[in-house]
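Read through the structure below, which is laid out as structure tokens, and then see the notes.
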Amino acid sequence: MGSTEIKSPQEMVEMPARLDEQRKKLGMFFVESDDRRTAFGRGYTGGTTPVNIRGKPIADLSKTGGWIAAFFIFGNEMAERMAYFGLSVNMVAFMFYVMHMPFTTSSDAVNNFLGISQASSVLGGFIADAYLGRYWTIAIFTTIYLGGLIGITLCATISAFVPNQEICNELSLLLGKCEPAKAWQMTYLYTVLYLTGFGAAGIRPCVSSFGADQFDEKSKDYKSHLDRFFNFFYLSVTTGAIVAFTAVVYIQIKHGWGAAFGSLAIAMGFSNVVFFLGTPLYRHRLPGGSPLTRVAQVLVAAFKKRNASFSSSEMVGLYEVAGKHSAIKGSGKILHTNDFRCLDKAALELKDDGGNPSPWRLCTVTQVEEVKILLKLIPIPACTIILNLVLTEYLTLSVQQAYTLNTHIGRLKLPVTCMPVFPGLSIFLILSLYYSVFVPLSRRITGHPHGASQLQRVGIGLAISIISVAWAGVFERYRRNYAIKNGYEASFLTPMPNLSAYWLLIQYCLIGIAEVFCIVGLLEFLYEEAPDAMKSIGSSYAALAGGLGCFAASLLNSIIKSVTGNTKEGTPSWLSQNINKGQFDYFYWLLTVMSIINFCIFLYSAHRYKYRKDHEVGEGIMENGRHGTM
């Protein structure tokens, strides 16, 4: 295969003129070393070969993985999302009606809980990729999640954990005259609530990646299986949400808060049993060591060599280990790219580096490219923060709208807290028709085998979300004017019999369709584009965007209340607790403008992004030590 070292630039002067242009590219100075150290100085393990739970290579892959193993994993995600949405839709009402907190305070508290549970997913992804692997991370954190749900159930069941309910009616609640919860009662509730959020942080970034790990990368149908997997995965998420918005709400109305939260704990416990039953079938990926350490090593090494020149006579080449495998456990080699050229200095091997330099001074090309990929991925999930902000606002604002509307279907009256089920139903419908309707139609337009690329699907979702929130503003203006005209301005908890709540279905269904395209496309995009040894961290980007969307919603609400309201003059804010005196329509239109600006930023980011064509360096690419054509 020839020499594994490329000569320095001074020794390459006599190369043919046709290579003059290529000489300027860093890939021409690629060096392979037989020193098989890892980035941490430990033993070498390469490749992405699936292993069993004991870390041993699987002799017969046909007996593990595939759709059967994936369905065991779907159950865990279904129960987690059932609990997540069950808490999100019921906890605001529980804090308001039982713990006697103001509605806006309850809403902000739940938004912060949802934000922390999603944003902290980066921690769960880090633990999985660095130390435990995805299986054990799910196993541990799903048990923590169950403990939190049991604690919430006890809070709703045992009277000592809640304030006195006997002398508190609806009027007293509105006037704030009910006995407030004691400090220790709120401390207990927040403790078990955030324990649940901490459990979710370990599950959410790992479940989708662990499920995708069950499919063979070398199979000719891998791309098709992966595409269908993420659609089925989100279908399980949606099923959990639908159950939360219907069955759990029904249980709460008929049997009380303790039974409602208890049903979530039972579902999570059952899903844990199902998940563990599938253990013999699962394929695992070895954790690759601390990704944060590898990132830090690249940054430190690049800083130390910031003054080194790529044309210096002291340059030997860009460092990489010999052979097909990388020095990072669980990862194949990654092709060198010309992005973030300043980081390439971390892999720049100089003559004075010696025979075995510290990884804090010299990193492999693959290690540097990992950091580049993480940086290049950021703009895409960042553009979904606004969508997550809108989804968070819908959970509370649309419910407030529904309280003023007629929720009857014939003789059947739907509870207001059931209204968020309609986005779930639209998601379920779209996912069911996705392959039979959308893919064939869009394939004729785009020519893409899957109908649309991952980034195109994200873009479609963001565009539809703009239509949804714009319609919400139009309808809210009509609803508010109708309330004022018909004498309901002061009665914001009294439904108007002649105005149906099902006008809200338009914005609900549109946002559900937007979520299907955007979030499913994003999950698939992050899994495929993330480095081999950082799949969980890559997937956590989506959850992090969701968490930041929740925090952004709370922050935006606070800003709007302080800027648009004046308590001294008695001027209500746009987000007044009395929705008929507020200006929710202005708020929705503000969200529309923000969504349009965000969509433009996404179009620019998506246009600049280049998909990873190769996840692993194959035979022939490293011939003669060169990094291949760029």
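Backbone N, Cα and C define each Cβ position, glycine as well.
Since we're looking at a predicted model, the values are computed, not measured.
The transmembrane segment annotation in TrEMBL covers 82-101, 113-132, 144-163, 183-207, 228-251, 257-277, 373-394, 414-437, 458-475, 501-527, 539-560, 586-606.
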List, by number or range, the same-chain residues at least 6 past the transmembrane segment (458-475) whose CB is under 8 A from its CB atoms? 380, 383-384, 386-387, 390, 394, 398, 452, 503-504, 506-507, 510-511, 513-519, 521-522, 525, 585-589, 591-592, 595-596, 598-599, 602-603, 606
With pairs 6 or more apart in sequence, are the transmembrane segment (257-277) and the transmembrane segment (586-606) linked by at least 3 Cβ pairs under 8 Å? no
List, by number or range, the same-chain residues at least 6 past the transmembrane segment (82-101) whose CB is under 8 A from its CB atoms? 107, 109-110, 113-114, 117, 145, 149, 152, 156, 162-163, 165, 168, 173, 178-181, 185-186, 189, 193, 196, 200, 240-241, 243-245, 248-249, 252, 257, 260-261, 263-265, 267-268, 395-396, 399, 417, 420
Cβ contacts under 8 Å made by the transmembrane segment (539-560) with residues that lie 6+ beyond its boundaries: 104, 107-108, 111-112, 114-122, 124-126, 201, 204-206, 208-209, 377-378, 381-382, 384-393, 519, 522-523, 526-527, 530, 573-575, 587, 590
Taking a Cβ cut-off under 8 Å, which residues six or more beyond the ends of the transmembrane segment (113-132) line up next to it in the same chain? 84, 87-88, 91, 140-141, 193-194, 196-198, 200-206, 209, 287-292, 392, 533-540, 543-544, 546-551, 554
Other parts of the chain folded back onto the transmembrane segment (144-163), taken as Cβ under 8 Å at six or more residues beyond its ends: 80, 83, 87, 94, 98-100, 178-182, 185, 188-189, 191-200, 202-203, 256-258, 260-262, 264-265, 268-269, 272
